[in-house]
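Each remark here refers to the structure printed beneath this line.
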Amino acid sequence: MSLPERVVLVGPMGAGKSTIGRMLAKELGYRFLDSDRIIEERCGANIPWIFDVEGEGGFRLRETAMLDELSGTTATVLATGGGAVMRAENHPLLKKNAVVVYLKTSIEQQVERTRKDRNRPLLQNEDPEGVLRSLFAIRDPLYTKLADIVMFTDRKSPRLVVRQLVNRINPKTPRHKRQRRKEGREHVQGPQRAEG
Ligand code: S3P
């Protein structure tokens, strides 16, 4: 099996999509893109501001447009927002030329990892754990349906998750070949703005 054009990471807030995505991209010699960060760059505003001014609906429209734009990229690991699976029209955009990876994470881990976060508007309320639970009930079946690989992340270091993912995505390519590919790519200027 050869490497897919894109690896797309889906999963809830606090699943580690950005951390794992950045490390995985490095390992594969791919560029890392984070759809939320690019939306923020383009808007010149952060996600809480977009939710405040345009509502969640406005943010979702921007998210779909961004996923559409990024669906044409190659040699990319893409981290998506936790709600990217909510609009059916996003599904083909997520799947296009991609291996979709669901980073599956317990509610306890999600709560722990998002506890101090102020950048996620959906969790700025009295009961963030309750919100994470209801979102999980709705979204887990969608993540699972879309995923080519479901990877549990609880009690695993990001490094271990990345190692397991590389083996699942491309078990046949030995490490030295991945390294050579990586070195080759470092000489290629990508058109996209890489995050991180
Ligand atoms: C959201 C998740 C966030 C961000 C926005 C909405 C969601 O991304 O897109 O706050 O609906 O779950 P992360 O999953 O990267 O936190």
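Quick reminder: no glycine exception, Cβ is built from N, Cα and C everywhere.
For Gly16 (ATP binding site), other Cβ atoms within 10 Å of its Cβ number 21. If you look up TrEMBL, you'll see Gly14, Ala15, Gly16, Lys17, Ser18, Thr19, Arg120 marked as ATP binding site.
Residues annotated as Mg(2+) binding site in TrEMBL: Ser18. Ser18 (ATP binding site) falls within a helix when secondary structure is assigned with DSSP.
Taken from TrEMBL, the feature substrate binding site covers Asp36, Arg60, Gly82, Arg139. DSSP assigns Arg60 (substrate binding site) to a helix. A 10 Å cutoff on Cβ-Cβ distances gives Arg60 (substrate binding site) a total of 17 other Cβ atoms nearby, all chains included.
Annotated compositional bias 'Basic residues' per TrEMBL: 173-182, in sequence order.
TrEMBL lists 183-196 with the feature compositional bias 'Basic and acidic residues'.
What TrEMBL lists as region 'Disordered' is 169-196.
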Based on a Cβ-to-ligand 1 distance below 6 Å, what subset of the binding-site residues Gly14, Thr19, Arg139 would you report?
none
Any idea what the Cα distance is from Gly14 (ATP binding site) over to Gly82 (substrate binding site), rounded to a whole Å?
9
Counting other Cβ atoms within 10 Å of each Cβ, which of the binding-site residues Lys17, Asp36, Arg120 scores lowest?
Arg120
